[in-house]
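Features as listed in TrEMBL:
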type     : residues                                     : note
BINDING  : Asn79, Arg80, His176, Ser177, Tyr178, Asp245 : beta-D-galactose binding site
ACT_SITE : His176                                       : active site, proton donor
ACT_SITE : Glu312                                       : active site, proton acceptor
Amino acid sequence: MKKNIFGEVDSVLVYSYTISNKNGVELVVHTYGAAIQSLRLPGKNLNNDVILGFDTLEGYRGIPARNPYMGSTVGRFANRIKSAKFELDGKEYVLNKNNNENSLHGGLRGFDKVIWDAEILDDRTIKFFYMSRDGEEGYPGTLNVNVIFTLTDNDVVKITYNATSDALTPINLTNHSYFNLAGHKGGRKELHDHIATINASHYTPVDGQQIPTGEIRPVGDSIFNLKQPTRISSVIDKVEGGGYDHNFVLDGERGRLRLCGRFEHQKSGRAMTVYTTQPGVQFYTGNFLPNDDTLKGKDGAIYSKHGGFCFETQNFPDAINQVK
C-alpha cells in the first residue's frame, strides 16, 4: 500500500492510498469523502480505469464544476428523505434541504464532503473513520462510523460499514462510485452496451421527485425486470425520466450476503458481480450528469449524461418515513 498527500483543506491534509494485488488490479481511495478515486484493471488497452472521478482534490470539492458524489461514501442517510424531515420517538427532526424540498445523501454537508481519518490495517486494507456530532445536518445522536476497503488477490473489492450512536438515529450508508467497464472515458455509447442483471423480483415505484410511493411492486414483464441479462440500450430509453434511478428490492434473506447484480461489457471482456447484505440497491444510469462539457474528470475526460452507472447497495429510500 502506498500513501500520498492528495491535497489540503483549511490546513488539514487529505491523503490517498493505493492498494495493489498480485494480478495487477489497483484500487485508489482517499480521505475526502472516503471516496474511491480509481479502480484499474488489467486489459488490452490503456483505458483500464473503470471509475469516473477527478485527478485533483479540487474536483471532489466541486471546484469549478459540481461533484455529483463521484466515488464517495454517502450518509448519514443515502438517497432521499421526503420533505427533509422524519419523526422518531414522537419527535420531529428537520434536515437540510438539498434536493428540491427533500434531503439527499445526508444533506448540504454529508459524509461525502468531510475529511475522514484513516488507519492502515494491513497491506490490502484501509479503514476510514469519522465522528458525526449530534445535530449535524439535523440528525440526532453522535455517530461514530467507519468504512473499510479491502482488495483481495481474487480481485474482490470489499466494503464494510460499521456505525454506533449514543442515541436512536437513522443511518443508511453506501458507496456512490460511477462505473463504466469500458473505461471511465467510455461515455454513453459504451454504457449503453453493458449487459445488466439485477437479482430483484420487486422494486419501489417513485413519484415525480424520485421519492418511493410506499408500494413494493413486482417487476413482472416491465422494464424493471432485469433478472435475466439485459443490454442497457434495449431498455434505458423506455424508462420515464430518461434512465434508471430506482431502488430494487433484492431477492433472498436480507442481512445475509447474497447476489445483488452483475454487469458485463463484452467488448472489453470485463465483468463485475456485486454481493450485499443490504435489502435494496439503487440502480442509477447517470441521468443527471450534464449534457454539455462542463464536468471534466480524470485525464481530461468529459463526463456527461449516461456516461457511468451507480449501483448503490442500501436500505430503501425514505425508509425512515415509510417503514414502521
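Glycine too: its Cβ is placed from the backbone N, Cα and C atoms.
Nobody curates TrEMBL annotations by hand; they come from automatic prediction.
Overlay of TrEMBL feature records on the structure.
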| residue | record | Cβ within 10 Å |
| --- | --- | --- |
| Asn79 | beta-D-galactose binding site | 28 |
| Arg80 | beta-D-galactose binding site | 22 |
| His176 | beta-D-galactose binding site | 22 |
| Ser177 | beta-D-galactose binding site | 26 |
| Tyr178 | beta-D-galactose binding site | 26 |
| Asp245 | beta-D-galactose binding site | 19 |
| Glu312 | active site, proton acceptor | 24 |
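Maximum C-alpha to C-alpha distance over the listed beta-D-galactose-binding residues Asn79, Arg80, His176, Ser177, Tyr178, Asp245 is 18 Å.
Glu312 (active site, proton acceptor) is 8 Å away from Ser177 (beta-D-galactose binding site) when you measure Cα to Cα. Across the structure, Asp245 (beta-D-galactose binding site) and the residue listed as 'active site, proton acceptor' are spaced 10 Å apart at their Cα atoms. Taking the Cα of Glu312 (active site, proton acceptor) as the reference point, the closest of the binding-site residues Asn79, Arg80, His176, Tyr178 is His176.
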